[in-house]
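Scroll down for the structure; my scribbles are underneath it.
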Amino acid sequence: METVLRVGVAGPVGSGKTALVDALCKALRDRYRLAVVTNDIYTQEDAQFLVRSQALPPERILGVETGGCPHTAIREDASLNLAAIQQLETAFRPLDLIFVESGGDNLAATFSPELVDLTIYVIDVAAGDKIPRKGGPGITKSDLLVINKIDLAPYVGADLEVMKRDTLKMRGDRPYVMTNLKTGLGLDQVIAFLTVHLAA
């Protein structure tokens, strides 16, 4: 039985989760067999964005409408997501990697360990340089923290050095990456992180 790496992508609304999944799919799709599950409360907006962007063939992208708190669908009752993963694994066996993008949530959001193997947590500079020191499991326990939209720092009065310092303080030796997903800056580091785990 082949093992599919399941990678959860979480973070607040507007932080860049879908942009990250889109960029990763486009960068990895020629080397790995991929699929995506997205979570939205009442729509399939993120799934539709990925289809329009041609991140992957549309049949490899499944949108889950959670109908309530996005946290519940990835933690307390992950059944909708587990069913979507099973559907993709059955239809496209063998797969190497499935991204599970959570709905936008707060800093306390975490994935159920039965749902994903790795978690990437995305925050953005526009929310202010205080975000890393606010903590929460996404900041402190995710396998990779992505600090996105670093190009906006001067416009929102955020100090990237403060963010780096606070991130190191909150995460210890857990990795983090500073990105500007609009230009692709830092994306290679996220890809390198995933490639190590895909090779394991």
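Cβ coordinates come from backbone N, Cα and C, glycine included.
Listed in Swiss-Prot for this protein:
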type	residues	note
BINDING	G11, P12, V13, G14, S15, G16, K17, T18	GTP binding site
Cβ within 8 Å of the mean position of the Cβ atoms of G11, P12, V13, G14, S15, G16, K17, T18: remaining residues of the chain near GTP: G104, V122, D124, N148
Other CB atoms within 10 A, centred on G14 (GTP binding site): 15
DSSP state at G16 (GTP binding site), helix/strand/coil: coil
Binding-site residues listed as G11, P12, G16, least Cβ neighbours within 10 Å: P12
Cβ neighbours of S15 (GTP binding site) where a neighbour is any other Cβ within 10 Å: 26
Which of K17, T18, the listed binding-site residues, has fewest other Cβ atoms within 10 Å: T18
